[in-house]
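One structure is given here, and the rest of the page talks about it.
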Amino acid sequence: MCISYGDSCFTVTIWGKLEVVVLVVVDTVGYPNVLPHFPFSLISLSLSPSYHQTLDTKDLKVSKVTANGQAAKFTLGPKHSFMGTPLEITLPFDLSRGQHVIVEVTYETAPNASALQWLTPEQTAGKKHPYLFSQCQATHCRSMVPCQDTPAMKHTYYAQVSVPKELVAVMSAVRDGEEPDPQDSSRAIYHFRQPVPMPSYLIAIVVGALESREIGPRSRVWSEKELVDKAAYEFSETETMLKTAEGLAGPYVWGQYDILVLPPSFPYGGMENPCLTYATPTLLAGDRSLSNVIAHEISHSWTGNLVTNKTWEHFWLNEGHTVYLERMIGRSMESEQFRQFKAMGGWKELQESVNTFGANNPLTNLVPNLNEVDLDEAFSSVPYEKGFALLYHLEELMGGPEVFMGFVKSYIQLFSYSSITTEEWKHYLFTYFKNKVPCVLNRCPPSSPRYDTTMADACIALCKRWVKTKEGDLGNFSEGDVKTLSTHQLIEFLSLLLQQEPLPLSHVKRMQEVYQLNAFNNAEIRFRWLRLCVKSKWEDAVPMALKMATEQGRMKFTRPLFKEVYNFDKYREEAVRVFIAHRAAMHPVTANLVSKDLKVDNDKST
């Protein structure tokens, strides 16, 4: 796949037998006119006895289907509001067992395909070239590629991507060389291969004016040149994390582990695409304090990418185990107290998600019913932190972290390269701990985990002081209160305050005077501080909150900041106005969800 001011194409082989060719045209202002053609072959055993194949699509305009060069019948089923349209293909001939068939689908993707975000030069750091990135999780790959868009299906692929020489292409695959484009001397061709089977939601492509720096023997960091050195410093501990993870979970099978720092509109903290982790620029704090997100994405190399939830109802298998492994990496690199401290913070995030959904909302279940549920709207910390809480409880029952990590490693080894359900996980848990199963069945978990509060005690004490102090005693606070707190502890202190009733306006103003929190660029600190200020009705904070909500697009920050301003009655209309003015520059998923948060009609224009 490529992005240019002319025609270009790439070829992808999926599931070992699937070849995809895409033609992409980008006009002179950087917006795409996409005219893809996808020839692909399917091994015959994947077809039903009636020689029908159903593929997922979304907003794809299919014009022709052929099989081994012969016209094949196809129909597009009824369009679902968020799942798209099934593409039914009927082969024009009988099949014999083991016969390979090349099926070619000619179609056009929509300019607003939900898997893709196209940035104009003005939206990039360099301001000179357009930029393309994909984000397929959970079910957006179908808007880019007709496929079996389910985590139950895994495939390998290869690709060649032709781009103008001034641009670089990277994918969720191992780089396999580059060469001049023999058909156009102004272009270069990049080759990629992904020999490890993976689900469709992990297909990823990025094209832009990228540079890279080596940060380890199997790792590079990629970004626009304006950020690449800062990113190289921030993620310099990547190889240590990889080695630590290998010691816990087994060999890293994906070959390369690169990190790509995306433009600010990327809606997530990170994305675990094999060989190419996406990272938000909001992680670039300057002190490596937010690199635990990279530990999380590294952990997905085993739990999620190698062992995958069979359906999205079982998403906690991906995320709960990944959070568990991420915190075990933190335990090895920092301390057990650090792991406990991060677990406490995660428990508060879970409580906030439950409060947002409502305690009786089915989406707070560990294994929710997602029938007719838009997966983007269901996304929350619940599968992450409720999943972790369950695993931590089992760890306590079964003999501690070393014993339970033995189970996790064995689980990974047994189910590698496959997709599983919670029932399969549970069956193996009971098999592995067969002598301890009665203990599990007969002991209910506590209403909340019991964590070591050593690192949190100072945060809790300072929070209580601010909550209990009367206005006349605010002079007792000083800069020294936070001098000994680490970045993680300062984040925790602000998180604790957000769980309380809003502070009086006099208190947040005094907090700014003594702690100078407006000067912090760390995104996690700034996000919590601005929320705290808006909750306390400090009008000076409103423009700063809206600026943060729009200058980056990480949904963890953007949605709560917009909601806080929206809930400030005096500035409700301003929140809507700012959102509408910036909606076109947002990622499609972010724009859709913020519009629902603010009750804005998606058809409403600026």
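Placement of Cβ uses the backbone N, Cα and C atoms for every residue, glycine included.
For Gln135, Cys136, Gln137, Pro267, Tyr268, Gly269, Gly270, Met271, Glu272, Arg554, Met555, Lys556, the entry in TrEMBL reads peptide binding site. The Zn(2+) binding site annotation in TrEMBL covers His296, His300, Glu319. What TrEMBL records for Glu297 is active site, proton acceptor. What TrEMBL records for Tyr384 is active site, proton donor. Marked as domain 'Peptidase M1 leukotriene A4 hydrolase/aminopeptidase C-terminal' by TrEMBL: 454-598.
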Which recorded positions sit within 10 Å of His296 (Zn(2+) binding site) - Cα, from Gln135, Gln137, Tyr268, Tyr384, Met555:
none
Over the domain 'Peptidase M1 leukotriene A4 hydrolase/aminopeptidase C-terminal' (454-598), what is the model's average pLDDT?
96
Could you give me three numbers for the domain 'Peptidase M1 leukotriene A4 hydrolase/aminopeptidase C-terminal' (454-598), the DSSP helix, strand and coil residue counts?
112 helix, 0 strand, 33 coil
Rounded to the nearest Å - Cα separation of Glu319 (Zn(2+) binding site) and Met555 (peptide binding site):
17
Give me the long-range Cβ neighbours of Glu272 (peptide binding site): same chain, 6+ apart, Cβ under 8 Å, in sequence order.
Leu202, Glu297, His300, Ser301, Gly304, Asn305, Thr322
Between Gln137 (peptide binding site) and Tyr384 (active site, proton donor), how many Å separate their Cα atoms?
16
Let me check the 10 A CB neighbour count of Glu319 (Zn(2+) binding site). How many other CB atoms are there?
24
Go through Gln137, Gly270, our binding-site residues, and report the one whose Cβ sees the most other Cβ atoms within 10 Å.
Gln137
If the peptide binders are Gln135, Cys136, Gln137, Pro267, Tyr268, Gly269, Gly270, Met271, Glu272, Arg554, Met555, Lys556 per the record, what's the largest distance between their Cα atoms, in Å?
18
